[in-house]
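Below is one structure; the comments refer to it alone.
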Ligand SMILES: NC(=O)C1=CN([C@@H]2O[C@H](COP(=O)(O)OP(=O)(O)OC[C@H]3O[C@@H](n4cnc5c(N)ncnc54)[C@H](OP(=O)(O)O)[C@@H]3O)[C@@H](O)[C@H]2O)C=CC1
Ligand SMILES: O=C(O)C1=N[C@H](C(=O)O)C[C@H](O)C1
């Protein structure tokens, strides 16, 4: 079988570099393109120069150049970039793995539309551990739906631009679905001042930002006389990169459709 040709958007970013290293180490894949935002100092440089071993793939801002040889684009950028890339990929039959977070409902709806023209895997967290944790939360939420206060606490590095994290929001959605409510109706994203007592039906979110924390998520079910904490901690971004490559392989024989990591990992 011929190697899967992968392009990476956000090639000089934290995830972009991690992905390029993982692709260079994979036997069944080849780096076929690299994109970054116009004006980035990385444009025109070799995508793997940071590894000290060039890939002979230049980082482009022009989508037609960066995606000319790609079967799959892996995108960890920003919502506006991801939408632009998805529109292009849908028009040219290029599959997409999307890890970008901070997507609003209308962005997700647009991606759903593009997925009618090409195969897209969209997930706020590509790690196996987080996706298994989502299944644990579904089970726990059903048992702790009454008498337990539900709080989601996440911590990330100082450079993260969105809050709460996409993973924390996904955890909230999974819990809300499991207990039969809509997250939008029960979510509390901030508390300050005289807030009054806690609404027992609420799901609270807290976001910590500092240093180089890769990504920690805890769901707290606090009852009377006991509390249960379900925690996942990432110690390296390599887990997101390996999950993304797994998703790209999963998409290889798909023509259209919107998938998530639960599909990729067979957890549905
Ligand atoms: N799903 C998952 O498993 C994970 C998701 N993420 C998410 O991935 C995204 C990227 O994270 P991270 O790598 O840490 O971020 P970085 O800021 O390190 O990288 C983002 C990259 O995207 C580029 N970029 C910025 N704006 C645009 C745009 N409008 N169009 C195209 N490219 C753009 C940046 O270029 P420049 O630097 O020049 O601005 C940079 O190269 C975030 O949304 C994060 O939450 C992160 C880890 C795991
Ligand atoms: O920005 C990050 O770093 C991460 N973002 C994702 C999120 O918002 O959930 C996934 C992971 O937690 C790292």
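The backbone N, Cα and C atoms fix where each Cβ goes, glycine too.
TrEMBL does not curate its annotations; it predicts them automatically.
What TrEMBL records for 5-126 is domain 'Dihydrodipicolinate reductase N-terminal'. According to TrEMBL, the NAD(+) binding site annotation covers 10, 11, 12, 13, 14, 15, 36, 99, 100, 101, 123, 124, 125, 126. Taken from TrEMBL, the feature domain 'Dihydrodipicolinate reductase C-terminal' covers 129-265. According to TrEMBL, the active site, proton donor/acceptor annotation covers 156. Taken from TrEMBL, the feature (S)-2,3,4,5-tetrahydrodipicolinate binding site covers 157, 166, 167. Taken from TrEMBL, the feature active site, proton donor covers 160.
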Self-check item: Cβ-Cβ distance under 8 Å to residue 36 (NAD(+) binding site), same chain, at least six residues away
Solution: 9, 10, 11, 12, 13, 16, 42, 43, 59, 60, 61
Practice problem: Quick one: pull the CA-CA distance for residue 123 (NAD(+) binding site) versus residue 166 ((S)-2,3,4,5-tetrahydrodipicolinate binding site), whole Å only. | Solution: 8
Practice problem: Filter the recorded positions 156, 157, 166, 167 down to those whose C-alpha lies within 10 angstroms of the C-alpha of residue 125 (NAD(+) binding site); answer none if the list is empty. | Solution: 166, 167
Quiz item: residue 100 (NAD(+) binding site): which of the recorded positions 156, 157, 167 is the nearest Cα neighbour?
Solution: 167
Practice problem: Filter the candidate list 10, 125, 160, 166 of recorded positions, keeping only entries whose CB is under 6 Å from an atom of ligand 2. | Solution: 125, 160, 166
Exercise. List the other residues in this chain whose Cβ sits within 8 Å of the Cβ centroid of the (S)-2,3,4,5-tetrahydrodipicolinate site residues 157, 166, 167, in sequence order.
Key: 101, 124, 125, 154, 156, 160, 162, 165, 168, 215, 217
